[in-house]
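Undergrad: Take a look at this one; I'll ask things after.
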Amino acid sequence: MKHLLTLALCFSSINAVAVTVPHKAVGTGIPEGSLQFLSLRASAPIGSAISRNNWAVTCDSAQSGNECNKAIDGNKDTFWHTFYGANGDPKPPHTYTIDMKTTQNVNGLSMLPRQDGNQNGWIGRHEVYLSSDGTNWGSPVASGSWFADSTTKYSNFETRPARYVRLVAITEANGQPWTSIAEINVFQASSYTAPQPGLGRWGPTIDLPIVPAAAAIEPTSGRVLMWSSYRNDAFGGSPGGITLTSSWDPSTGIVSDRTVTVTKHDMFCPGISMDGNGQIVVTGGNDAKKTSLYDSSSDSWIPGPDMQVARGYQSSATMSDGRVFTIGGSWSGGVFEKNGEVYSPSSKTWTSLPNAKVNPMLTADKQGLYRSDNHAWLFGWKKGSVFQAGPSTAMNWYYTSGSGDVKSAGKRQSNRGVAPDAMCGNAVMYDAVKGKILTFGGSPDYQDSDATTNAHIITLGEPGTSPNTVFASNGLYFARTFHTSVVLPDGSTFITGGQRRGIPFEDSTPVFTPEIYVPEQDTFYKQNPNSIVRVYHSISLLLPDGRVFNGGGGLCGDCTTNHFDAQIFTPNYLYNSNGNLATRPKITRTSTQSVKVGGRITISTDSSISKASLIRYGTATHTVNTDQRRIPLTLTNNGGNSYSFQVPSDSGVALPGYWMLFVMNSAGVPSVASTIRVTQ
């Protein structure tokens, strides 16, 4: 099967044109680990390169022979270079400004570094701006850091009409004072539709040096920690023992990177959970028995104990006592029935649970066990139990004492009948006090399978009892698989990305329009669409400021579907009726930053509030985020702007670890979160 991908190619004239070339499908029906990779490719903006005829370009500095126009001459062997000489070179930031002479619907930029084997001037941190008049530039439409190599770099962003484009080089990849560009192109969308009011907004884009296939929020800093594999663009053929990571700091906008070797663990396709002490436990994947621990307070990676069973594509979940349960994972480490095991943070050991059988939770995937035990929807619950909500039709209770056990919880069904398997769908606990879980999307088989619009509400009771399951609204607006989702402070669930037919490493049949499920109304609402494909290997996380971080996709080496970026979605609750950012309530004081389950917290705010919630810090990979869950809080008004609330007394509801505390005013506008650690 062949698909068409639009690429911008530079010819020998000054004019760059867009041509369409066939692209061989990658990954279709082929296990990931068997692929061989050649060179990095990145996903270009959806659209075409704009003709560079009649452009006028200016730059802040240029070396004689390397003038500004050398970056638009269609010759990859020439390049613009800032001035260098014996008397001190001008330091960054350096700017390159394009006047296209006419207004275009701009949605991206490509930058080819110099191709002569010299790294001088390679751009690291950067920002991209648009303007209609060349004077008013506003805030960046994209910013971040590019990987330091000679491949073409892209900044993809939401379409905006503009005549002027400016690239600002903030740093040089090797810390030198120069900037150089061999070729620069600007991309246009076929049309422009302004975002509709009341449906949230996308942007800006964060350019990354890696494809973020896995991520977590660092609870003590609020930074987004991301990683790919042993390479920034590929996972196949790994030598093991190495992982490329990046982090983005929302407070500064700075993207940094780190190569992790201390844990001797390629952490691609892992299980991820934040344990009861707040350490992020990363298990298996390319190095299928390994465990790596990330400690946010010290910003350090720590080697953990090997698992009893080698695993990849397994899920894991933190339990009521702070331990971590994992099961399945036949993508790597051998294909056989991989029963449960438990990690103890106190003893730093894994213990097998031979009677916590994986067989009851298997799907009927046409690729067999290699796929059927992947990405379980796991929820730590009361009394050390773990509820498995899917993706199989069968639901189960897992028990973690002694040798473990498993008991059927029935099937995921409603008055519309028994739901099929929903591999690579999502499950979100949006009200942990009431045991409410929203499940949606997915497909019967992992790949080459049509997605579903099915959505269900599962209500948990005591461990071992059959949960109540009903159909949610009329289901999703859009069938999707390989999508992602987060629970929001107000209890709604934001759903984005995915494909109508699941094909790994293909950007075909993408879903661009997100949805929000509002449980009080039992209704899904469409939101403003984005323009960057987010499918296989994409991630989403809730930020402490109430926005959504959504990025990644690809990691397939010699392909054109690698997405080295993320976007921010700002939900409508952060805007007022005029479409401007609303004034937020602020938490000015908390009586404690650490509380035992059942304990009370008193807070002070700068204004009146009406609601509050706790949301556990999230981790995400391969459609799975078992850490996030929401607790709606009952507030007591102590007078003035002082309020108190009680944390639920059951640690199966209020799992130990780090939580985000949000307060909301009568208009539903949330605060920036304060971090609360819940202990046993």
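Residue numbering: from 1, along the chain as shown.
Each Cβ is built from the backbone N, Cα and C atoms, and glycine gets one as well.
This is the feature table in Swiss-Prot:
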| type | residues | note |
| --- | --- | --- |
| SIGNAL | 1-24 | signal peptide |
| DOMAIN | 42-189 | domain 'F5/8 type C' |
| DISULFID | CYS59-CYS68 | disulfide bond |
| REPEAT | 223-268 | repeat 'Kelch 1' |
| REPEAT | 279-321 | repeat 'Kelch 2' |
| BINDING | TYR313, TYR536, HIS537, HIS622 | Cu cation binding site |
| REPEAT | 323-372 | repeat 'Kelch 3' |
| REPEAT | 436-490 | repeat 'Kelch 4' |
| REPEAT | 492-544 | repeat 'Kelch 5' |
| ACT_SITE | TYR536 | active site, proton acceptor |
| DISULFID | CYS556-CYS559 | disulfide bond |
Undergrad: For CYS556 (disulfide bond), which DSSP three-state class applies?
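TA: CYS556 (disulfide bond) sits in coil per DSSP, no helix or strand.
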Undergrad: Including all protein chains displayed, how many Cβ atoms other than that of CYS556 (disulfide bond) lie within 10 Å of its Cβ?
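TA: For CYS556 (disulfide bond), the count of other Cβ atoms within 10 Å is 25.
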Undergrad: Roughly how many Å lie between the Cα atoms of HIS537 (Cu cation binding site) and CYS559 (disulfide bond), rounded to a whole value?
TA: 14
Undergrad: Looking at the disulfide-bonded residues CYS59, CYS68, CYS556, CYS559, which has the shortest Cα distance to TYR536 (Cu cation binding site)?
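TA: That would be CYS556, the closest of CYS59, CYS68, CYS556, CYS559 to TYR536 (Cu cation binding site).
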Undergrad: Using C-alpha atoms only, work out the spacing between CYS59 (disulfide bond) and TYR313 (Cu cation binding site) and round it to an integer in Å.
TA: 48
Undergrad: What's the CA-CA gap between TYR313 (Cu cation binding site) and CYS68 (disulfide bond) in angstrom, rounded?
TA: 48
Undergrad: Express the distance between the Cα positions of HIS622 (Cu cation binding site) and CYS559 (disulfide bond) as a whole number of Å.
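TA: Answer for this pair: 19 Å between alpha carbons.
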Undergrad: Taking the center of the Cβ atoms of TYR313, TYR536, HIS537, HIS622 at the recorded Cu cation site, which other residues in this chain have a Cβ no more than 8 Å from that point?
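TA: Going along the sequence, the neighbours come out as ALA213, CYS269, HIS375, CYS424, PHE482, PRO504, THR621, THR623.
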Undergrad: I'd like to know which of the binding-site residues HIS537, HIS622 has the most other Cβ atoms within 10 Å of its Cβ.
TA: HIS537
Undergrad: Is it possible to list how many residues within the repeat 'Kelch 4' (436-490) are helical, extended or coil according to DSSP?
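TA: Helix/strand/coil tally for the repeat 'Kelch 4' (436-490): 0 helix, 24 strand, 31 coil.
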